[in-house]
Amino acid sequence: METAKNAVNYVSETVQGGGAQASKETNKHVAKDSDASLGSRATAAKDAVVDKKDEASHNTKADVHKEAAKH
């Protein structure tokens, strides 16, 4: 039962990490867009940093769940 729970958590964290990565890339694009306002660019840059942290966090949690599911 615990192995199945860890497998589900692994998939969930992997999906969330992928979502954070996609958001990070979008925000990086906006931050580099010279047609966007300075405020939008600054907000996007800040959000990209937060998304990068979230991506790393989810990927780390996914790795932990993956290892736990093996045992």
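Each position is counted from 1, following the chain as shown.
Glycine is no exception: its Cβ is also placed from the backbone N, Cα and C atoms.
In TrEMBL this protein carries:
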- 1-71: region 'Disordered' (REGION)
- 25-35: compositional bias 'Basic and acidic residues' (COMPBIAS)
- 48-71: compositional bias 'Basic and acidic residues' (COMPBIAS)
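Counting same-chain residues at least six beyond the ends of the compositional bias 'Basic and acidic residues' (25-35), those with a Cβ under 8 angstroms from any Cβ of the stretch are 41-42, 44-45, 47-48, 51. Sequence-distant contacts of the compositional bias 'Basic and acidic residues' (48-71), counting only residues of its own chain at least 6 positions beyond either end whose CB sits under 8 Å from a CB of the stretch, comprise 2-3, 6-7, 9-10, 13-14, 16-17, 20-21, 23-24, 27-28, 31. Residue counts for the region 'Disordered' (1-71) under DSSP (helix as H, G, I; strand as E, B; rest coil) come to 64 helix, 0 strand, 7 coil.
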